[in-house]
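> Here's the feature list from TrEMBL:
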type	residues	note
BINDING	LYS41, LYS82, HIS178, LYS233, ASN330, GLY334	1D-myo-inositol 1,3,4-trisphosphate binding site
BINDING	ARG117, LYS167, 199-233, SER248	ATP binding site
BINDING	ASP313, ASP328	Mg(2+) 1 binding site
BINDING	ASP328, ASN330	Mg(2+) 2 binding site
DOMAIN	32-111	domain 'Inositol-tetrakisphosphate 1-kinase N-terminal'
DOMAIN	132-205	domain 'Inositol 1,3,4-trisphosphate 5/6-kinase ATP-grasp'
DOMAIN	223-350	domain 'Inositol 1,3,4-trisphosphate 5/6-kinase ATP-grasp'
TRANSMEM	210-236	transmembrane segment
Amino acid sequence: MRLNDDNDEEEGPKTMSHCSIGHLQQEKSFVIVGYALTSKKVESFLKPKLEGLARNKGILFVAIDQNRPLSDQGPFDIVLHKLTGKEWRQILEEYRRTHPEVTVLDPPDAIQHLHNRQSMLQCVADMNLSDTYGKVGVPRQLVIKRDSSSIPDAVTKAGLILPLVAKPLVADGSAKSHELSLAYDEYSLQKLEPPLVLQEFVNHGEQWQFLYGLITVVLFSNFNVCVGGVLFKVYIVGEAIKVVRRFSLPDVTKRELSKNAGVFRFPRVSCAAASADDADLDPSVAELPPRPLLERLAKELRRGLGLRLFNLDIIREHGRRDHFYVIDINYFPGYGKMPGYEHIFTDFLLSLAQSRYKKRSV
């Protein structure tokens, strides 16, 4: 059962025998969480502090052996996973069918929905969420699957307004899927590489008078882009919500748009090191989205997407305090970058186990 794990070749953590796990469940009432993660994900997520806290709360993380049938392992109360590939999806779907008593986080088909940026934001667009606390939408976007020479005409027909943000159509968690480009003029659109999604750029921060020079400096550095605008990363773990600020691209003025041309490429826009939580920002830019609005949005997305572990990248339109856009959704994001994730995650796992126990007792 050796599966695609993003080409990680490091030896994973040692697994426990079926008898040992069953003994722990019966004798000490441990909640057993089987996990199938890449070695990179294990390193960033399963930190000693998380594992120690989990043990104190009666939760034990056990590595799933990818070289053995999944049904021969466990027994598990919860299966936590983030591997890719058709074979793994089929294995998990079969496991869910034959082990309905186990909670699988999350259903493979639901996760697959987020791997395509054409369908990723459709749930938010269909929601058309608007209430007394604000409005949430998505930027206008266009999917280009092939033939870069046709992009200028397609953009004109769709009525999209420059500049445009170009993102890979496939969002599989790889480094390439996080790359983006900013196209200033219609002629440069032909330099883009399909398949991709084009989104209208929404100003969401402070104005920079020397944007061209700033971007040029960033392009020739080896650092993540950490400038100007503010992006809100909304982490969702079950019903828990945690919001952090990250720096993003600066706003683009009409003057800068007329002066600049070309396509500017960025390896990754937001990063943990680019936290904007302690920065001296204009309050109108830094103010977090209203909590009731986020709670309603998260509730609707949990139901619409069928997921419990994901995050949203949200921006506030410059000059419009109550108008927000969701620009990206990620499954099982980098929770290790979220302050206090250890307590939030372990509480969530316990609530799942307790919920399962109550259902069995009825």
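Just so you know, glycine gets a Cβ as well, placed from its N, Cα and C.
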> Go through the binding-site residues ARG117, VAL202, ASP313 and tell me which ones have a CA within 10 A of the CA of LYS233 (1D-myo-inositol 1,3,4-trisphosphate binding site).
ASP313
> Helix, strand, coil residue numbers for the domain 'Inositol 1,3,4-trisphosphate 5/6-kinase ATP-grasp' (132-205) per DSSP?
19 helix, 23 strand, 32 coil
> With DSSP, how much of the domain 'Inositol-tetrakisphosphate 1-kinase N-terminal' (32-111) is helix, how much strand and how much coil, in residues?
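Grouping H, G, I as helix and E, B as strand yields 36 helix, 19 strand, 25 coil.
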> Among the binding-site residues listed here, ASP313, ASP328, whose Cβ has the fewest other Cβ atoms inside 10 Å?
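Output over binding-site residues ASP313, ASP328: least Cβ neighbours within 10 Å is ASP313.
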> How many whole Å apart are the CA atoms of VAL202 (ATP binding site) and HIS178 (1D-myo-inositol 1,3,4-trisphosphate binding site)?
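Cα-Cα, rounded: 18 Å.
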> Between the Cα atoms of ASP313 (Mg(2+) 1 binding site) and ASN330 (1D-myo-inositol 1,3,4-trisphosphate binding site), find the distance and write it as a whole number of Å.
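Approximately 8 Å lies between the Cα of ASP313 (Mg(2+) 1 binding site) and that of ASN330 (1D-myo-inositol 1,3,4-trisphosphate binding site).
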> For PHE232 (ATP binding site), which of the binding-site residues LYS82, HIS178, ASP328, ASN330, GLY334 has the nearest Cα in space?
ASP328
> May I ask for the distance between ASN330 (1D-myo-inositol 1,3,4-trisphosphate binding site) and ARG117 (ATP binding site), taken between their Cα atoms and rounded to an integer number of Å?
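Cα of ASN330 (1D-myo-inositol 1,3,4-trisphosphate binding site) to Cα of ARG117 (ATP binding site) measures 10 Å after rounding.
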> Among the binding-site residues LYS41, LYS82, HIS178, ASP328, GLY334, whose Cα is within 10 A of the Cα of ARG117 (ATP binding site)?
ASP328
> Among LYS41, LYS82, HIS178, LYS233, ASN330, GLY334, listed as contacts of 1D-myo-inositol 1,3,4-trisphosphate, what is the widest Cα spread in Å, to the nearest whole number?
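Max Cα-Cα spread across the 1D-myo-inositol 1,3,4-trisphosphate binders: 20 Å.
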